[in-house]
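Novice: Mind having a look at this structure? Questions to follow.
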Protein chains: 2
Amino acid sequence: MDYYSGQISRLIEELSRLPGIGSKSAARLAFHLIHMPVEEVERLADTMVDARKNVRYCRQCYTLTDQELCPICSNQERDQKTIMVVETTRDLAAYEKTGKYKGVYHVLHGAISPMIGVGPGDIKLKELIERLQGEVDEVIIATNSSLEGETTAMYISKLIKPAGIKVSRIASGVPVGGDLEYIDEVTLLRALEGRTQL
Amino acid sequence: MDYYSGQISRLIEELSRLPGIGSKSAARLAFHLIHMPVEEVERLADTMVDARKNVRYCRQCYTLTDQELCPICSNQERDQKTIMVVETTRDLAAYEKTGKYKGVYHVLHGAISPMIGVGPGDIKLKELIERLQGEVDEVIIATNSSLEGETTAMYISKLIKPAGIKVSRIASGVPVGGDLEYIDEVTLLRALEGRTQL
């Protein structure tokens, strides 16, 4: 791509490394950035670096946050005894968008997948078990309905049911193989209402 | 989007202002950035700001470059007496990708469009006329085959033909209404070979 001069080529190359951005989109973005006011480009650049540096795991639920304790865990109006287990922060956001769930979350940051070598020790499962030492009414497992998500759900259920804690799984309103993040809110709510005890 | 904490929301918001990036893609990008090594995020951020600050117009052909004179204009192996007039730097890149054009360019940064109030004074047309005071064998007009591109081609042709300079237009191998940037190289070359004198 040396028909663009050095700095433009470098920018296009850097941008095309991001997920979902091919070389055409990268060029389009690069030229857009070059025509933006310089202070807007600086603000975007600073926001990226700040977010990368300051965002960490919530010490209770392990969602990504810029605080010690995330806004959901520190909200006393939320039911702190009902824990919904999700794979990612984006899945948490999908349930938050429904505006109806009043409990808290636990973000695993992945799912058990022997195929790609992800075991129970590679996700935030130990941390979930530790949380269950406190007062907990119910654990709602909302992992994806993929093979990995179902495996993880079964694993968690077998692990914590002996402790006498109520464990449920969101209903199969969620289409099999679907990605939680892209499902409409009505389906998400139906799945929550129809959850079955494991 | 307050189910994400402040810095993540801000990042998603900034990213979703970019062209072709919706809120879902912005979230995907944001989480990708948060999981990237901090030095890679800083490098991307610096590249953006540097490109924005250092990229300017080539003083001869007005393409975007980080040098006083772009690599094409300063290359003495290129035919400096044949000038291809294009609308954007990306159109220039499209012709450069064919690897067969040996002349130089002139980037207008737009096309005449009375509909949206873009007149001849709003694109780099005066600058083209000034260039023609020097030694020029041929001006090849390679504006898009859209209404605006054709209008611009006719305007340029009427303006410079009286001066006795050979003016040509790339052939209509380029599909009408198509965007030069997205056309395959074979079609682009056919259009160049079949150019007709205006």
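Note that Cβ sites are derived from N, Cα and C of the backbone, with glycine treated the same way.
TrEMBL labels come from automatic prediction, so no person has curated them.
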Novice: Which stretch, out of A:58-73, A:154-169, is listed as zinc finger by TrEMBL?
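Specialist: The range carrying the zinc finger annotation in TrEMBL is A:58-73.
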Novice: Tally of helix, strand and coil residues over the zinc finger (A:58-73) according to DSSP?
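Specialist: The composition, in the requested order, is 0 helix, 2 strand, 14 coil.
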